[in-house]
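Listed in TrEMBL:
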BINDING   A:D87, A:D89, A:D91  Mg(2+) binding site
BINDING   A:C88, A:C105, A:C112  Zn(2+) binding site
DOMAIN    A:40-114  domain 'Phosphoribosyl-AMP cyclohydrolase'
There are 2 protein chains.
Amino acid sequence: MNVPVKTPVSETSWLEAVAWDAQGLVPVITQEAASGEILMLAWMNREALSLTVAEGRAIYWSRSRNRLWRKGEASGHVQWVKEIRLDCDNDVVLLKVEQISGIACHTGRKSCFFQRLESGVWQAVDPVLKAPEDIYR
Amino acid sequence: MNVPVKTPVSETSWLEAVAWDAQGLVPVITQEAASGEILMLAWMNREALSLTVAEGRAIYWSRSRNRLWRKGEASGHVQWVKEIRLDCDNDVVLLKVEQISGIACHTGRKSCFFQRLESGVWQAVDPVLKAPEDIYR
């Protein structure tokens, strides 16, 4: 009689559960844990998500620069991860973070979603908290 | 002397400002306006975003069914739009909505992001508020 062998859970099985797209990426929504404000949307590959979990800080895959992007590496605006969630289709990740300095956007605003549609026009409605030339120098 | 002719702003210029991807789509984060809770991420094409603005309710493009998807058309779980935002790269939209019945997910949960990473395992941590077989019938 063949006794089924219990397969050990792979250390990376949670990574394999993610429904990576054809480019091996998944969109990641980043939300400020304390306020609930949505800060940005970026992308991760397996390595980025694995490193994010291992280091406890947001590490994305930059599609424009085609390399890992440790959020805050240039600006100091690191995102410390408080919680990681996955949606019902396993194809979107949600990070709840503490945003160092309270600035996520490269424009110097808190959130990247600072343009609001008003009477058919996108209006920048949130203040610049720090000038980009003072962030990146 | 040639006098520059002032070009009238097209009624759809706000639609053209969106950085549609190669498939003509943009990812859309949907957030409950009152609580700040993230409900879901879906996709829109030009027609879906245009109709969303015109009708004041979330209308997505279903990539799996390849057709417009009026959120709530089967479930009744309509999303009334309170605010529309665009991110700094113009390639992600944020909808702030009132979620009818308080259920966005097809599993009967409030949010699609009900799986939390805990010690290397995705755990379903949010309650099912209504059984799917009672939603879709």
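Heads up, residue numbers simply count up from 1 along the chain you see.
Keep in mind that glycine also has a Cβ here, set from the backbone N, Cα and C atoms.
A TrEMBL annotation is a machine prediction, not a hand-curated record.
Features recorded in TrEMBL, as mapped to the structure shown.
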{"residue": "A:D87", "record": "Mg(2+) binding site", "Cβ neighbours (10 Å)": "23"}
{"residue": "A:C88", "record": "Zn(2+) binding site", "Cβ neighbours (10 Å)": "18"}
{"residue": "A:D89", "record": "Mg(2+) binding site", "Cβ neighbours (10 Å)": "13"}
{"residue": "A:D91", "record": "Mg(2+) binding site", "Cβ neighbours (10 Å)": "14"}
{"residue": "A:C105", "record": "Zn(2+) binding site", "Cβ neighbours (10 Å)": "23"}
{"residue": "A:C112", "record": "Zn(2+) binding site", "Cβ neighbours (10 Å)": "24"}
